[in-house]
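Working notes, beginning with the structure itself.
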Amino acid sequence: MRQHAELDIILDEEDQPGSQAAAAGPSELNGEEQARLYDEHAARLRAEAEAEANARRLVVAQEQWAEWLQQKDSDTSVLLARAEALQQLLAQMAAPGGDGSGGAAPPGGAPSAAAVMAAAEAAKLVEELSVATAEARASAAQLRAETGKRSSAEADLAGDGDTEMKRHREDSGADMQEGDEEGEGASSGGAGQAALGAFIGPQMRQGGAPPAAEQQQDGGEGAFRERARYIPLRLDMEQRRLLRLLEAALSVSEYTDKVDVLAWKRKSGRVHAQIRDMCAILCGLVVAQDYRRGQQLITERNFSDLATFFQDCFEVGRRHKVMNPEKMRETYGKLMYLLMDSCEGEVQELLEFKCVRPLRTVHVLLEERGALALLDDPLMEAATAEIVAGGAPRHEVQRRIKAKERARETLARRYRSRSLSEEDILHCLYSISDNNSYLLFNRDPIDRVISYLYDYFQPSHAEPGYSLAIQGGSQGARLTHSHERQYTYVLQSLTLWREISHEMFKLWCLADADMLAEGNRYNLQNTGQGLHRVQSAPRVGRAMQAILGRCRQGLGGWVGSSVVHLGDHNVPSALHFIDKYTQVPRILNPVVLVLDELPKLCRDPQVAAYVQSAFGGVEPCRKAILLDFFRHAFDGSGADNFFDAGSCIDGRLTSAWNWCSKIEKKPYYHVFRLAGFVGFDGDFNHSTMVRAATLAACLLALAAGASAAEAAVKTFPTTGCTGGSLKLDYVAPRENDDPIAKCLTSVRLDLTADCKVSLTPLQSHGSFVPAMWSGQPDLMGLGTFQNTQMVECPDKPRAPIQATTTFASITNPGQKLEAVRRAIIKAFASHVYGLDGFGNYIHQLVVTDLDFKQGTLMVKRSGDPTYGDYNLWYAVTENTITSLNDVRQDDDISPLSVIELCSDLEYPLVPYDDAATLCLTNDVADGPCPANSYPVLMVPDLNKFDEKDTAYKVCGLCPAGTAGEGFGCTTCPAGTYSGIGGDCNPCPAGTYSNAGSSVCIPCPTGTYAAGEGTQECSPCPEDSYSWIPGAAACVRCIKGVPEACLDGECPSGEPVAGKPLSTPATAIASVDTMDAEDGTCSFVSGTPYEIHALTKCPSWMEASPSLQLAFRVAGDCSIQISPITDPSCADPTDPRTSPDNDAFDADVHPYGKIEMRGYYTYDVETERFAIRSLFGVQIDDHTPKDKAVMLAIDAITGGELSLKFFGATTDAREATLWPISDALPLTPEVCFSKLTITGGLLLGAGPLPASKCPAGSYYHAKESCPTCPVGYTCPGGAPEEAKIFPCADNTYNPFLGFSGVCQECPEPLGPGTYTSYAAAQQCDVERLDLACDSDDYKDAGSFAYDTAAQACQKCAAGTYRPYGVSTECEPCPAGTYSAEGDAACTPCPPGEYNPLEGLADQFDITGFNCVVCAEGSVALSGADDTPADAPESTDEGPLPTGATFCDACPAGTFVKDPNEGCVTCPDDTYRSGDATLENNECKPIPPGYKLKVADVHDQIELCPPGQVSFYDDGNQGTGSRVPFGKQNECAACASLDANLGGNDWAHTFAPRKGMTHCIPCPGGTIPSNTGAGAAFATVSCKACPNGQFRDAYTKSASCTPCGPGKEVGPSSKMACSKCRAGTYMNATRAGKTTTEANTCDLCPIHTYRPTMGALSCLPCPRGTQTANNGNVECTACPIGYRNNQAGTACEAAGRGTFVNTTGAYVSTPCPKGTWNNEEAQDNCNPCAPGKYSNNFGSTECKTCAAGTYSGGQSSGCMDCRAGYFAPAGAAACSPCKPGTYTPEGKSATCKMCPKGYQCPTNAMKAVGPCPKGTFSNKEGNKQCTPCPINTYSLGGGSPFQPNPVMACIKCGAGTNTRGLVGQSKCQVIRPQVKRLFF
């Protein structure tokens, strides 16, 4: 920030009169010189400011370097101390005979060489560290001396309350400085806060280098210009008045209730009506605030004329919201929804004006005035910066303030002009300062939290016990993050919030623009949270993406979803989105304030002791708060999935609010309260009383724990454990309601090295355990669930349990084993309800023993007073506790282990035998677990291809609130619940549940659930109630009798017009002796469960109690129970209960404390009513919050009821004590008494006979038998007898329900004693002299006794005392008066009267004794006198005395003087009616009137329609009446010009009676006259003839023709306008007298006219057409159509043609080879193979003839070649098969091969010859046949000229074929030669 000391010099130079700027002002220099000087001056200022800024950065860097050196000095000092200690130790080891332990020296007595070397190295290290420490200290001191103190960033608290805010900051800075001096709060210094400005990542905290000086993020060239676009102008006083008007109007508006509903009625109508109502309210409020201005608004009468006023109001409200996002939280939504609707065109048309105009910003104002250069001035930063003391001295702060003021003044003088005043400039500067102030108080807390994250946590590794890691499903988390990932997730979330807060004004402006953008419509949808307007927000969306991109780039990545929900069911609109982020400071400010206040709080020794005991000190307490905040405020609990809200951008904020809602359950909540925390929506309360009360509660807890610790046996902590952990998964029994099992279904047991045991629940979310305990749970309500309370299981580990022993030292392993075992037992027994600060059970769940067996743990619960004897069986699925000295199995020799065999879960006894099914062996391990369990793989499947692997798994039972199919557990849906390992069952009637619930929660008071499976209870129907939680039906009481409203419908129907049907009533009951099971009720005084009525009403314990109870049943079915008739307690004014009475006794209960309250409730299943009480609700406020006596009233038989009392508590400590416990030797205490109804009805019980009221009550038609009140007596009886009688005077009755004779006030009589008036409950009226008739009183005047003063007093003025006749002061008769104490009354003087009795002398008030007649009347004394009898003047004598009335002068006359008669009104005036003070003057005949009868001045009447009267100069007191001299006539409008001259009235008329002026006929009309003479009148206007017009300003009685090319219709004959484009008006049409002459005719079809004023239309060009009449242009013919003639329609392309372009003139014939046979085609179809088209424009394809063929899209067929053939329509030719041939082409078939030939191959063109030795004797031979034996063939010859061979030739004689076939010749047979062999 450019804020420096030299700035003062620069500003001072400008202020000096001798400076260059002052000496040569703009008025003395020409333009060029002025511009040059200014540029030089501005350049100098910028250069100096930049140089100073650089110097300042250097100073800051030097100071940071010095701080770093100082830190290093501290660090090296610590290292030096450690090194010196190490040196001493090594020196001892190096010394001869020394080993550091006092033992003998090593052999030889000399130190080892290693020891000597180590000692030398240590000495060297010490020396080097000493030198480094000295150098660092010297460097730091030198830099400190050179730079001085570092100044903080400067800024201004612009706006109201600057001084107070500055003083607060100075005080805060001083406190922080003092804290630093004491060594506290150092970790929250500025280094961490400075790290965020440039998105400094975690790595900056890991290195040793000092942080670089941070640049101001908001600075830079043009930064103010961009910011100013979104900084609204601060409101001035007038705008603040408009804001108050708007807020008042919005607060009473029901806009969204009336508009945002799903209804069939047209929405625009609803919107229009509501906006007009809003405008009317605004006008009314203006009237209330400023009557004159309001009258001006009302006079306008048309809201459209007030558009500017309404726009101002609405814009001021929007601007105020942008400047103050936390304001208008209840009304801003209505405003924006109203304006959204007003932007719709239909609504604007109805309103006739726009409600929205752009926001006024700094940039807009400066741009309008041409002064944007102001925003670039170097002094802008100094003039608008925020000033923060930051520990600076007061004089330094004052110097900065003055420098800022001078900068503002300089800028105001420098840039002022004719269009921009200095006030305007200051207004802009203040507005920018407002933005800086907002950033300080809303952005800086985020910086502080980021600083805490840096200071207390490392990004890469976690300090033991302070890991930020979270696990989905554990403690409500929806995300699973490691420590490093969660650190990044938190940092990026905070950084994102910081950037959004920095851009908040811009985002608000963009949201305003998105919501009010015309055309950006919304949809009214049910988003799951009711009806919302879902609307897109493109501007906000783009801005958010830019912010998100900036954050991602600065942080180097992103964890989680980066979805920005806008315009969907999660975030319906920009309003919902941006409003969410105004809550960030509400969340973070309390956290930062508590962390900052903690060191100061601990200056109080008592607070310090509490913090030390509970947390271990200030820093551990801070770390505990931050650890919980960084884990669970960022755990993804915003929704149940990744994209909707779990880790998305807006869902992160929802998770933080979830954390806020649980703050009261946090262990550090008392610390927040001690710091003054009230709530996240409130301020901090630093009241000493509040802090003292909170501290007292903390110290009481400490004292109780200390006392218990002192009384306990001395124990010693056990240490030396090896440590480790177990993971336990619950396996039996199923569906167990045991709190330990529900809260620890899956648990990790940790054992530390110092032998501390802790249990970490892994799956407890959604599990609930009892939070209220009662001596009679069945009587808390009707049914199982009514009037119960539950609390969620702890979602994180309790404090570790230290293993202890009574032995001072461990001498054998068994002692440690036993200590650890007891610690584990205590951890299980205390986990659900916890321990106090000293280790005592708050509510112990008994655990008697632990059985560790192979792979399992049995937690034995024998002897629990509530849950009985049974065990909880866990499977050990993970184990790192292996030491036999820590924990062993029960065999005392084996270490703990996980389950190794499924047989480990075999247990033969019920209900544990089911556990055997929860282990799956290898052969079935790949299958699912049993239903409602989840798998835990015990041994990895090392070889997935080997089914005989060692893999198996254990199945843990699903936690309560979940279920599954064996592959895992999922939360039960809302409306259902489940036990451990059980199915999801629907919640019973009267209850509901959220998703994942283990129990069903009773419906809250005022709601009900009629059926099963309710997800959200329904509110009771109108005029019905449900007081007891868990109602399945609401009740309504009519005359005190309840009726059940089943399924939301009451038998008596619905209230009409909001009038309730319920009515109250009273019943009276006598009581029986109060008993208990042991015979004596113990709920008496001295116990916390006292029945106050039993204590104060002793007869209740007697055999025949005199006590009765009055049951006052209200219409809402609540019942007030009041003790009556017992004198000991029926006196509501018992003097013993009044501290002001001498008989006061603090032990006596006041009546309000002994009254009780009950409520009707109904059981749907049993269909019965009962009366129950609510916990902690009593008539007065005496009942403690954590314990109470409950009552239950049930019907028995006849007129008898059962009344029972029992105790209930929400304090877990009290659950096992009297009177709650149900475990011997204690039993629950229940006191009971029988009630007998003696009057009225209660639970169906009534008296016999039912019509009588008991003594002590009276009959009331609506309320039966109400209790007799004090001061009255009620004998009871039948209705006509059961009346209420007040006690007479001098008697009294102090008791309720009294029926005897009222007691007389005690004797003796006389002064000093007391009596009473009627209906008195005590004798408290002192006896006095009541006669007041002694002679002294008579001589002094009139006196009578005054009850109020309790003394004789003078009779009041207007009365007198007729002694002897009356003891009271009597009123003076009419016509007389008296003063105070007058002995008699005096007649009224003449001219005055008194019409009534008791008139006091009025002379001191009015100057007259009696009343003076009103002006226009005379005083008369006789009933028959009239004004005519009154004297005409004083000469005729005075008026009579004692007048009793005044009579007014008749109409047409008046009184000039009170002593004169009535005078007739002069000419031209009148007076109607009797004379009055306001009507004693004859007034001129008003304009618009005339005398009803000529010369009779008593009545006037309105001028008839068509005539007017007025005064020529507008003043009826000075002007002449028109018409002149005709007081009983008015003038017609048409005659005014002739009478007055001129041409001003020719176009006027008078449509109504009593008009004072003629008004112009509307445009398009002319006057219409009727009658003649006195009846001549201009009553109406008639429309101009067709084709003619007259505008509203033409003074004429006739209209003007319009002519061709023009029309009068659109303006209703008010103007002659050119024909619109697409229409025309020719001369013929214009000359018609019909209505056709009014409007231009539409251009006929297929013609058009693009210009205005046409006389004719143009035909559409070729290729175009129109679809209808009245076109301004023609449309191109579509594809498939053409048009070749202008002005005609497009025609479909004919068959065989096509058009494939728009605007075609002609169609194209289908090419050869194509065809189509339909019209309007855009292409042609190709001919199929085997077909062809050989013409253009074919409508079909021809089939190829036989012997020819074609492919696709052919224009002709081709002939087949020889050897081939084709049938008709062939796509290709086929070769002739062997045995056939075709010698020619174009063959349809092939020929058979003839005899004598062969055709051996395909596609034979000719036959082939038979080869030699073969023949063919049939057709169709593929090959010739070989010749038989002894035959031959010479073949068919050449293939080119074959010859047929149809047979073979036989061999000739002597030849043969030698037995061969297929021979071509025969062989000669040779003779055989026989040889002889010897």
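Using the three backbone atoms N, Cα and C, a Cβ is placed for every residue, glycine included.
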Stated TrEMBL location of region 'Disordered', expressed as one of 1-32, 513-544, 1505-1536, 1601-1632: 1-32
Local confidence of the domain 'Tyrosine-protein kinase ephrin type A/B receptor-like' (1635-1670) - pLDDT mean: 92
Long-range environment of the domain 'Tyrosine-protein kinase ephrin type A/B receptor-like' (1763-1796) - Cβ separation under 8 angstroms, sequence gap at least 6: 1729-1731, 1743-1751, 1802-1807, 1810, 1815-1822, 1836, 1843-1846
Chain residues outside the domain 'Tyrosine-protein kinase ephrin type A/B receptor-like' (1635-1670) and at least six past its termini with a C-beta under 8 angstroms from it: 1586-1587, 1602, 1604-1610, 1613, 1618-1627, 1629, 1676-1677, 1682-1690, 1703-1705
Secondary structure composition of the region 'Disordered' (1126-1145) [DSSP: H/G/I, E/B, coil]: 3 helix, 0 strand, 17 coil
Helix, strand and coil counts within the domain 'Tyrosine-protein kinase ephrin type A/B receptor-like' (1635-1670) (DSSP): 3 helix, 8 strand, 25 coil
Per-state residue totals over the domain 'Tyrosine-protein kinase ephrin type A/B receptor-like' (990-1033) - DSSP helix, strand, coil: 0 helix, 9 strand, 35 coil
